[in-house]
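The following features are taken from TrEMBL:
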- 31, 32, 33, 34, 35, 80, 155, 210, 332: substrate binding site (BINDING)
- 26-35: domain 'Uroporphyrinogen decarboxylase (URO-D)' (DOMAIN)
- 143-159: domain 'Uroporphyrinogen decarboxylase (URO-D)' (DOMAIN)
- 80: site 'Transition state stabilizer' (SITE)
Ligand code: CP3
């Protein structure tokens, strides 16, 4: 079979991710598809979140909604980090206002032994990606994504969203064999789901380790990093890779050694400081970020000032050689009650840089 992947080195996001000079400042926003958009709320009426992720026409339409409305430089596949678990047969649902909830928490050796592993293509997602690629222009990249094993392990072990990830960290330390068996199985599932997306033609990928920031650097290195690195290695040289987590200021150095070309930075760390931490561990990489999502509520003047500050910090890191590019984004996802016109205006301001 010939690959459906497009050749779009001049798409601004792909140019920046591969260290070339983009024709304009690329920008996309995490959670750009979702409840901030009236067209999203309408499309989702009466349809469960996870059901939506397995309907090719619907997932394709929702993926393209923010590209049509905001003129962002990339679409991100409408899916969720628990979709590969669901496709593997894990009893998981997404509860509105809460997030992923498991039928039963995975805490013992026999729970891990019984955890199914994804061993097939997720054909509905592959089909949806085909539809998205027909709509996107050559300047618009399609970003696929997967959740990283630590973040997925937290949902599995805690049985749902967690404030402090206590059971997860306790298992990691008290039962390292069970922990590593669990991470092994999740990693295999994630790699299989990533392959579905890559085979279907995604242009770039992001590994979301949203909750890794709860770990010490030592725990991250020992119990988490090898699995994330293994996932990223499966697409090395195939598509550009972005790696992101929240409150990962203290983890940017070890996370950068996992192998991605682009490091996502949350809003807490100025980009020039983030660049220095990454550079010292792994050499210059492309930065992604890092406008505080709350700034989309603060009015145009504040937004403009913050966008200017972030641009200057990225430019300074690029000028001193500690970063090799910048993709504009938020420091975490668009909040559900964000005014979509503020998002459109932020994109315009960023494109004027
Ligand atoms: O960024 C995008 O536009 C693509 C879509 C996307 C979703 N989930 C859709 C979604 C992405 C990239 C994700 C990843 C994801 N899912 C992460 C990592 C990113 C991050 O935010 O750190 C995590 C931790 C999850 C788990 C999850 N799924 C949570 C915490 C929630 C929110 C629960 C809620 O209702 O507030 C979900 C549900 C979810 N995933 C929604 C969307 C649009 C909201 C559900 C809805 O619209 O009904």
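Numbering starts at 1 and runs along the chain as it is shown here.
Quick reminder: no glycine exception, Cβ is built from N, Cα and C everywhere.
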Let me spell it out: take the domain 'Uroporphyrinogen decarboxylase (URO-D)' (143-159), skip the flanking residues so only those 6+ beyond its ends count, and list any with a Cβ under 8 Å from a Cβ in it.
13, 28, 74-77, 79, 81-82, 84-85, 90, 92, 99-102, 104-107, 115, 129, 165-168, 171, 179, 182-183, 186-187, 190, 193-194, 197-198, 202-212, 215, 220, 223-224, 227-228, 231, 242, 245
Could you please provide the mean pLDDT value for the domain 'Uroporphyrinogen decarboxylase (URO-D)' (143-159)?
98
Chain-internal residues near residue 80 (site 'Transition state stabilizer'), provided their CB is under 8 angstroms and they sit 6+ positions away:
49, 50, 53, 94, 100
What kind of secondary structure is residue 35 (substrate binding site) part of, going by DSSP in three states?
coil
Distant-in-sequence Cβ neighbours of residue 155 (substrate binding site), under 8 Å, six or more positions away:
81, 82, 92, 99, 100, 102, 161
Could you put numbers on the helix, strand and coil content of the domain 'Uroporphyrinogen decarboxylase (URO-D)' (143-159), residue by residue per DSSP?
10 helix, 5 strand, 2 coil
Near residue 332 (substrate binding site), which residues of its own chain have a C-beta under 8 A away, given they sit six or more steps off in sequence?
30, 246, 266, 267, 293
Those binding-site residues, 33, 35, 155: which ones have a Cβ sitting under 6 Å from ligand 1?
33, 35
Name the residues of the same chain, 6+ apart in sequence, whose Cβ is under 8 Å from the Cβ of residue 31 (substrate binding site)?
333, 334
Within 10 Å of the Cβ of residue 35 (substrate binding site), how many other Cβ atoms are there?
15
Cβ atoms near residue 33 (substrate binding site) (within 10 Å, other residues, all chains):
25
